[in-house]
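According to Swiss-Prot, the protein has these features:
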type: COMPBIAS; residues: 1-15; note: compositional bias 'Polar residues'
type: CARBOHYD; residues: Asn2; note: N-linked glycosylation site
type: CARBOHYD; residues: Asn12; note: N-linked glycosylation site
type: CARBOHYD; residues: Asn25; note: N-linked glycosylation site
type: REGION; residues: 1-27; note: region 'Disordered'
type: TOPO_DOM; residues: 1-46; note: topological domain 'Extracellular'
type: TOPO_DOM; residues: 68-86; note: topological domain 'Cytoplasmic'
type: TOPO_DOM; residues: 108-120; note: topological domain 'Extracellular'
type: TOPO_DOM; residues: 142-160; note: topological domain 'Cytoplasmic'
type: TOPO_DOM; residues: 182-205; note: topological domain 'Extracellular'
type: TOPO_DOM; residues: 227-318; note: topological domain 'Cytoplasmic'
type: TOPO_DOM; residues: 340-350; note: topological domain 'Extracellular'
type: TOPO_DOM; residues: 372-540; note: topological domain 'Cytoplasmic'
type: TRANSMEM; residues: 47-67; note: transmembrane segment
type: TRANSMEM; residues: 87-107; note: transmembrane segment
type: TRANSMEM; residues: 121-141; note: transmembrane segment
type: TRANSMEM; residues: 161-181; note: transmembrane segment
type: TRANSMEM; residues: 206-226; note: transmembrane segment
type: TRANSMEM; residues: 319-339; note: transmembrane segment
type: TRANSMEM; residues: 351-371; note: transmembrane segment
Amino acid sequence: MNSTGHLQDAPNATSLHVPHSQEGNSTSLQEGLQDLIHTATLVTCTFLLAVIFCLGSYGNFIVFLSFFDPAFRKFRTNFDFMILNLSFCDLFICGVTAPMFTFVLFFSSASSIPDAFCFTFHLTSSGFIIMSLKTVAVIALHRLRMVLGKQPNRTASFPCTVLLTLLLWATSFTLATLATLKTSKSHLCLPMSSLIAGKGKAILSLYVVDFTFCVAVVSVSYIMIAQTLRKNAQVRKCPPVITVDASRPQPFMGVPVQGGGDPIQCAMPALYRNQNYNKLQHVQTRGYTKSPNQLVTPAASRLQLVSAINLSTAKDSKAVVTCVIIVLSVLVCCLPLGISLVQVVLSSNGSFILYQFELFGFTLIFFKSGLNPFIYSRNSAGLRRKVLWCLQYIGLGFFCCKQKTRLRAMGKGNLEVNRNKSSHHETNSAYMLSPKPQKKFVDQACGPSHSKESMVSPKISAGHQHCGQSSSTPINTRIEPYYSIYNSSPSQEESSPCNLQPVNSFGFANSYIAMHYHTTNDLVQEYDSTSAKQIPVPSV
């Protein structure tokens, strides 16, 4: 297609006319360059629109359905209704408006497109774009309010949230309808470029003001959230101030110690001002108490408090990274269209470059709608993992690689050599393969085993696990480090040790390290016999 034909039909966008004194070969060269640039723009926009249609439709569809499927999640707060509204707007943009825009790209003017199609595209694109952006701005203001602690105990009621959503829909589509009615039928089927002069300019100016205000609100809000979280993370990195005072209750007080212990508190601010460390300390205490009557030492509570502080610091750091990603995505995806719209409002004559800029700006706005479910939803990490898994699976299919297993031998030699070794030889591998029953072995560093053959009853493991040095197997094959305090096994009773207590030292954070020892049925049989010998377990 000829790009000059686009510009002749588009208002405020005139082709680059060549003076009559120049030769015809320079004119043809310039037209050829314009055709090349326009073709590159079409190819780039088409590729991005294909990605938007696939990933954006998938992500928004999953997020939208999760609010109606009881097997997924439900509203944690009433304001989660805004996430539902955002997913619906973005789903319509990615699944309907983006394919319509792809159809518009490959036609020179609106004269070759049906009027009903062009009217529908005008209304849906301009309406859903500003509606999605307003919803993102409202979510940003709500999160900023929660982080700054403005009335943290008072959440928005469900009727108020619904009324706010209806107000956003009314304002957005009123402006979109006015802009659609003021379009010219003889120009390009683009929402903003086809506005006629006069009242069309006034509506376009109002649309630009609304668009710019929403972008500014989102950017400033998440910048303030990132600064607040960064300050909280810096404060938590300082050594905690431990004070003991049993006479009066203090904020951020720890779990009271039974049997004469003193409550422990820390002068550390929480992420939200209505949040303290009681819940975190409760999570930490559950992993190390065998019974409710067991005493908790002050050193153990102190270690739990330090672990809670480290967890909050890590969460603040991840939240800061998320805020930076949100700000960059908003600026990169919204600024090109905003600049082109401002240029259309301020100048009566456009240019070929401005027209290409506007096409690319609309594509980036649609691309932002495809990114929203991977950023704003509570299951965004799961969606990203699924997409990465699909990409890896496709890559393996292209390269025809065999799927690798998670267990790999770490010792010298191949598996056949290790399999043929006798039981008294030391292989120093991550796992041992032998047809003969082994009497001296433990689970490996690649993860705890939850199979039926490797499980021991809780009574046996509780009464006959000893801590001592082993002379046959290196200690590095017996320890499994975990770098998260969350339980990574299906059942806490089977995975957490029952005889290990936190050490009175700050050198090791025991909430981040778990020791898993499992034996096989051979150990169960040895326990039943009178001549059984217990396997010594190394101490930390």
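For all residues, glycine too, the Cβ spot is worked out from N, Cα and C.
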Cβ-Cβ neighbours of Asn25 (N-linked glycosylation site) (radius 10 Å): 8
Tertiary contacts of the transmembrane segment (47-67) (same chain, 6+ residues out, Cβ under 8 Å): 73-75, 80, 83-84, 87-88, 90-91, 93-95, 98-99, 101-102, 363-364, 366-367, 369-374, 377, 379, 383, 387
Leading contact stretch, 87-107, 121-141, 161-181, 319-339, 351-371 vs the transmembrane segment (206-226) - CB distance under 8 Å: 319-339
Same-chain residues at least 6 beyond the ends of the transmembrane segment (319-339) whose Cβ lies under 8 Å from its Cβ atoms: 133, 136, 208, 211-212, 215, 218-219, 222-223, 225-226, 229-230, 233, 271, 357-358, 360-362, 364-365, 367-368, 371, 375
Chain residues outside the transmembrane segment (87-107) and at least six past its termini with a C-beta under 8 angstroms from it: 1, 42, 45-46, 49, 52-53, 56-57, 60-61, 63-64, 67, 113, 117, 120-121, 124-125, 128-129, 131-132, 135, 189-190, 359, 362-363, 366, 369-370, 372-373, 377
